[in-house]
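Per TrEMBL, the feature domain 'PX-associated' maps to 7-133. Per TrEMBL, the feature domain 'PX' maps to 180-379. Per TrEMBL, compositional bias 'Basic and acidic residues' is recorded for 593-614, 657-667. TrEMBL lists 593-628, 656-679, 719-744 with the feature region 'Disordered'. What TrEMBL records for 725-744 is compositional bias 'Low complexity'.
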Amino acid sequence: MASEPPAALTSAQLHALLDVLSHKETYREVESFKYPYAIKEYGYPFDLEQSKHKPPTYKPESSSPLLQLLLTRLILTVPGVGDLPPDFWPSKFQGLMTGLTDVDLSESYDKGALGTRKTLAALASVIHEAVTRGILGGVAKREGNIDLQKATYDTTQASELERAWNECVHELVHGNLADELFDHFIKTEDLESHSPAVAAAADYAILHLAALLHHILVLSSEGQYLVKLIQNVQNLMPYTMVRQTLRIGNAATMLNGMIRIFLAKMSVGAVTNWFGLTKDADDGMNLMQRIISLVLSWDASEFRRQADKIESTKDRPSKEHFAALRAHIALPREAHEEIRKVSLADKKSIIVAILDSSNPKLAASLTESQHQLCLEWYSAQLSVRDREELIKAFCKSQPDYLTEVMRDAASTYEPYIRSIHGSIDLRPHVTSMETFLNDLLETSKPKQVNTGSGGKWKMFGSEKVKGSSNNVETRPPSVEDYAAFLRRNRHLLYKYLHDFAKNCTDVRDKFRNWAKETVKNFVSASETTAADATGTGTRPGAAGAMSETLQDLFAQLSPETQQSVQASLDSHASYLSKLEDLSSQRMQRVLDAMKDRDSNSNTQKPDDKDDGKKNPTGRESGDGIDMSGPGVYLMRWEGLLDGTLITPATPQGAIRRGKDVKGEKAWGKTGPGGAKDGWDAGAIAREEESVVPDAPDVSAVVDALEEGFRKVVNEAVGKVGPPLTSTSTSTATAKVTDSASSSV
């Protein structure tokens, strides 16, 4: 009896399979960077042995192949990056990264809330996976050419903006759009005048960037805290001094002055180190480190103040409780992880697990209210320690890797800086940067809104504006606010790109060549069509160039495993389709709201027009419940955060997830001006996510194929290493160790 032919995946299943594997693998790699082994086992350009006395060795198969793929294909090829000193990556940059992993920064699990690092790391993961999927699968080539100059689009429709974006991406990869854009910026600073397609694609990009800013700064529980950090850094930036330095005509003198402003250290230790009287003595901080130190110190002081407040609260825990928790904070990483495992296994809070390990009587004596105070105190103290350790790593470490990294970068890019400084007056562009950030901060403030129908924003924690009539309340910034912000500031970027392309011919041509070579990384699926392996379940492009490889991996599974994998992939394909539809609906809502806003503005008198920042606004998303903007990746980002493990809120109880603490700040975090409130990000997020479908369980797919996928990606990376030089091949070429299985 003839055996049945091996099962084949449909194009929709292949698309879902690449999405699942890249999503899970990227986040695994990003999460691993909290451990020292991740940077050592990264492979090129980071040293496996971290030896200062012999050439670096690179792990042949990276433990983070997707991250390595992006770095080697896109980042290391940027003009100038290849000219960095040989010890930049394996010694200085790696030393800086290792220093950050060695300090064992706190986990969201212990703090009872989704922290800033977790939030931004998850965001970086979903953006990274989208790019690497493009490298692995490529962009399918269509039949026939697309004439972007003659194409027409209805820019009030989301589907039309998406079509314009896809056609521009296609022409970037398979056409000459990269060359055309460089040539266009040489002639004019009006990007949109290139073609209707580019104009519509620019609108598409603005809406997605606006949605990203809105999600980070408004919907995220960390949003107002991040706004405060940006504000603090902005207040410390020496813009006037930078502009004065840029007035110096001689490029070498100007660059030397700029380095002195940000990187020079004036201390006894710096002088004795320079003369060779001491080695690695504490030489103080430069201005850049002083800014970092001040911002983090102000932050730590606020957390310390909150912890002190708890210690003086009535019915507070005893000094013995605080002493046990403080002693645990000072323990090494291994002790922290062991207590975390106990907390997870026994389903008891991290506080009880710590106290039990110290003295079981301490845990038994805690009341419910005292337990809550301990959770808050512990979270605040962890935040203090995190900031103190970051200050040590960035500003007080010896060797001072941060300053060395910045000096090497400045030295390497000196020829580029000379060329740009000699061709462009950079002072207006520095002012543009300052203006842009100030406008961002202004846009991120609460807005006034007319709510005569009854204050629907009360459910999100808005308040009546003091001194205003009863029908005026505040609301969080909307996606439209950020879209308007980007639109009114885009000319700042366009003007710089025009000045650069027109005047800096040598540097421009280097970046032109890099751009043209870079897009070739996405051409691997140029002959891929929308054909379906089985004739059903079509998905344009499937997994692109990865389709055949993924089919082979799937064919190696047992029939029983194949069935469970296919069932999971069908569920995930349906899930992705729903997310794409929801993203399109949200984009259309934003477009409709912006159209209404423009209509309202046009009906006002010229001197009464809304400036978009201070005056009460008309109808827009801010007046309704729906707040989110477009972007499937934003919903995938929230999915990662929702799955984060969080300590139980009670002494004994179920382990919580990120979705259970959505909108809750780590204890002691405040917004601009010390405000602890503003709007209820958690209430908004929960309202928004009520229409987002739950992600299906794809553990069967991950368990069956993740190892094979990792090997495939390592093969895609190929053999990478430092470029050979004719003068010193033996020192430039590092040996590739055979100990691929070595681990820390």
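Each Cβ is built from the backbone N, Cα and C atoms, and glycine gets one as well.
Per-residue confidence over the domain 'PX' (180-379) averages out at a pLDDT of 90. Beyond the compositional bias 'Basic and acidic residues' (657-667), the same-chain residues lying 6 or more positions past its ends with a Cβ under 8 Å from any Cβ of the stretch are 108, 111-115, 221-222, 225, 303, 306, 375-377, 379-380, 383, 641-646, 676, 680-686, 689.
According to DSSP, the secondary structure content of the compositional bias 'Basic and acidic residues' (657-667) in residues is 4 helix, 1 strand, 6 coil.
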